[in-house]
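*Asks:* This structure is in structure tokens; I'll ask about it shortly.
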Amino acid sequence: METIKNYLDTMFQSLPDSPEVRRVKEDLLASMEDKYQELKEEGASENEAVGRVISEFGNIDELFSELGLSPEGTEEEPAEESILLSLEETRMYIHDAHREGRHVAFGVTLILFGASVLIFLAQLFEIRILGMGVPKPVREYMPVLSFFIFLVPAVGLFVNSGMKMDAYKFIDQGEFSLGKTTRQILGREALEIKDANRIYIVFGVLLCVISPVILFVAGMFGDTAAGYSICVMLIVIAAGVNLLILAGTREDAYKKLLQMDNYAQTHKRENRIIGAVASVVWPLTAAAFLIAGFCFGMWKTAWILFPVVGILFGAFSAACQAAAGKKE
Amino acid sequence: MISSDVIRGYNDTMILYLLLDGDSYGYEISRNIREITGGRYIMKETTLYSAFTRLEKHGFITSYYGNATQGKRRTYYSVTDAGRTYYRSKCEEWELTKDVVNHFIRRDV
């Protein structure tokens with residue numbers, strides 16, 4: 001039954017949402033559901049029933065022209081630009097999205113690794129294993145400087161991949177359409193990817209969850225050990241986050257193309273809100289981290305800002321999506 | 001298999017015929033057409049609703065929301081007087097068409 005509804009949604013996707021269109025769509029759905037129900041009662045299988053209903057649907061253009069509508073939109077609603085993507089173009093998009101996903105993952109690894117080095121060096125200076133006879137300002141700024149050595153190329157990677165993916169902005173915004181066969185092929189691939197990704201996600205989450213355990217265990221061996229264990233923990237988190245980003249971008253590319261889940265047209269607004277909030281929250285967090293570090297020398301503790309904000313932000317976007325789901 | 005080109009002009013006639021005896025809704029009409037023709041003609045969903053739209057625009061049928069049966073609010077259609085007149089003229093047209101074409105039908109080819 002869901003398939004029939006999705007099929008009809010796809011057929012009507014490019015039409016403006018007028019009362020007239022909505023009524024015809026409702027009537028069509030009722031009629032198709034009646035037919036489906038009856039075929040099932042006659043003993044047809046799910047697949048047979050859905051197949052019959054869809055094959056007897058007919059040509060949607062016939063109906064549109066009778067309604068005086070063209071799928072490109074009516075005059076009072078300016079035509080939203082919709083680009084028909086070929087299979088090759090979607091392949092190119094997926095390929096690029098994967099590549100840029102790898103770059104972003106590498107950038108995140110660099111930052112976490114940089115933070116790890118920062119804490120490690122700070123630790124060494126503090127217990128005077130390193131830097132004897134070095135003036136105090138050098139001792140204080142050396143670790144931070146080393147962090148920036150990692151941060152700068154990472155930011156470069158982010159900006160670069162952001163610019164590259166900018167060319168595909170219309171896909172993020174759902175201003176494209178797919179041919180029937182392209183959609184089917186991608187749909188099949190998306191299922192395979194989802195299966196393959198499960199193991200990535202399981203390991204990624206596992207690594208992130210068990211990483212604090214390192215802290216607790218090291219804590220038993222004294223403060224110094226705990227300090228070093230933060231470095232190890234960050235590297236473990238980096239590995240986990242890497243897996244999650246790789247899995248995420250792979251799946252995202254398909255979800256965007258097929259407009260599944262949170263990329264469905266109706267969720268566009270929520271995604272914009274979350275995106276807008278993210279673009280404010282994360283730079284603020286970074287600024288707070290830097291201020292805490294430079295002004296108050298809290299480099300060793302201020303990193304906690306990132307995981308805390310991460311969890312809060314996750315909760316916020318979940319709430320946002322839940323609210324949107326309720327509205328529907 | 002019936003060529004849809006040939007039958008296109010008479011989809012409206014079939015729908016009006018089924019409405020002559022009482023109001024009906026989309027699926028009932030499409031099921032009746034299938035049953036009456038012994039499954040030899042199945043009207044596509046989009047063809048049916050295009051016809052409804054066209055007939056209503058010309059004032060040959062009117063529509064109203066029926067009571068919700070089985071939780072579904074259906075659009076019912078009923079034929080108007082103009083629709084009956086139109087139906088009669090289509091019947092005459094068909095008789096004529098049939099006569100004319102029949103002159104050119106040979107079975108001994």
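Every residue number used here counts from 1 along the chain in the order it is shown.
Glycine residues also receive a Cβ, built from the backbone N, Cα and C atoms like all the rest.
These figures come from a predicted structure and were not determined experimentally.
What TrEMBL shows for this protein is this:
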COILED    A:22-49  coiled coil
TRANSMEM  A:104-125  transmembrane segment
TRANSMEM  A:141-159  transmembrane segment
TRANSMEM  A:199-221  transmembrane segment
TRANSMEM  A:227-247  transmembrane segment
TRANSMEM  A:273-299  transmembrane segment
TRANSMEM  A:305-324  transmembrane segment
*Asks:* Using a Cβ cut-off under 8 Å, which residues of the same chain at least 6 positions beyond either end of the transmembrane segment (A:199-221) come close to it?
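*Replies:* For the transmembrane segment (A:199-221), the list is 228-230, 232-233, 236-237, 239-244, 246-247.
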*Asks:* Please report, as numbers and ranges, the same-chain residues at least 6 past the borders of the transmembrane segment (A:141-159) whose CB is under 8 Å from any CB of it.
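*Replies:* Answer is 103-104, 106-108, 110-111, 113-115, 117-119, 121-122, 125, 131, 134, 293-294, 299.
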*Asks:* Mean pLDDT over the coiled coil (A:22-49): what is the value?
*Replies:* 89
